[in-house]
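Q: Sharing the features that TrEMBL gives for it:
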DOMAIN    35-272  domain 'Nucleoside phosphorylase'
BINDING   Ser42, His74, Arg95, Thr96, His97, Gly127, Ser215  phosphate binding site
BINDING   Glu196, Asn238  purine D-ribonucleoside binding site
Amino acid sequence: MTDINPLDVPETDPFDVARTAAREIAEATGIARHDIALTLGSGWGRAADLIGETTHTLDAEEITGFSAPALAGHAGKLRSVLLPGGKRALLIGARTHYYEGHGVRRVVHSVRTAAATGATTMILTNGAGGIRETWTPGTPVLISDHINLTADSPLEGATFVDLTDLYSRRLRDLARTIDPTLDEGVYCQFRGPHYETPAEVQMARVIGGHIVGMSTALEAIAARQAGMEVLGLSLITNLAAGIQTEPLSHAEVLDAGKSAEPVISALLARIVAAL
Ligand code: HPA
């Protein structure tokens, strides 16, 4: 049997696929409705253990529409977490990046599935490069807005969605009640998987960007289309190319994520508790 992902069939409605996935999650967990969803990017994974009690862990691959992980042996997991206040969170540890080349439907499937489970708040986190010199590696930054440089969109056809206040001011203000030192900036999504050139980073700066990365903007658009309130958080894992003089390495990015993880995960858990 060939395993065709239904999202790759153009005639398929991606929202039907998301509804099927949500039904499967409800069946596997016994939880009919989730309230909040979080996508945990580089450096944010430990938050999974801090925000509440994990009652169910699923292999994302077993759920309709989700892709096999890009790195073998790193199976993407979905967790259902009971928050201290009684709400339910769906934790998405299974991000499909645009640079994997599977198309934007697969990139945003987790967000659409989260919406179909009932979630009305979407927290998107990532590891990213910083353009502001003052953001040393390990600094968490709120995303205030984005510039989508992928030249793609999760919206199909003449679907006009307002993106004013895409990254909810209310949620940013709430995050700052937990940590008043949280800075914010505009996230530029590049296609990747190569890091940017110094000239591209300068371009991003000139057009109003402060953070460079390879995820999140497309996901945030899909979340807004689904009517969710979005909070975006970047962990600055490195200064962007040319802002730092040394070459960028994936190992450096992972290391910065690891060292910052306890602090930013605790911060994220406190933000979630305040929602
Ligand atoms: N650029 C793009 N994506 C990234 C970076 C970067 O500098 N660091 C971590 N993810």
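Including glycine, each Cβ sits where the backbone N, Cα and C put it.
Caution: TrEMBL annotation is automatic and unverified by curators.
Quick one: where do these features end up spatially?
A: Secondary structure at Ser42 (phosphate binding site), taken from DSSP and collapsed to helix, strand or coil, is coil.
Shown in sequence order, Gly129, Phe190, Ala204, Val212, Ala240, Ala241 are the residues of the chain, 6+ apart in sequence, with a C-beta less than 8 angstroms from the C-beta of Glu196 (purine D-ribonucleoside binding site).
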Q: About how far apart, in whole Å, are the alpha carbons (Cα) of Ser215 (phosphate binding site) and Asn238 (purine D-ribonucleoside binding site)?
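A: Ser215 (phosphate binding site) to Asn238 (purine D-ribonucleoside binding site), Cα-Cα distance: 16 Å.
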Q: Please classify the secondary structure at Ser215 (phosphate binding site) using three-state DSSP.
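A: Its secondary structure by DSSP: coil.
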Q: Grab the pLDDT values for the domain 'Nucleoside phosphorylase' (35-272) and give me their mean, rounded.
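A: Mean pLDDT for the domain 'Nucleoside phosphorylase' (35-272): 94.
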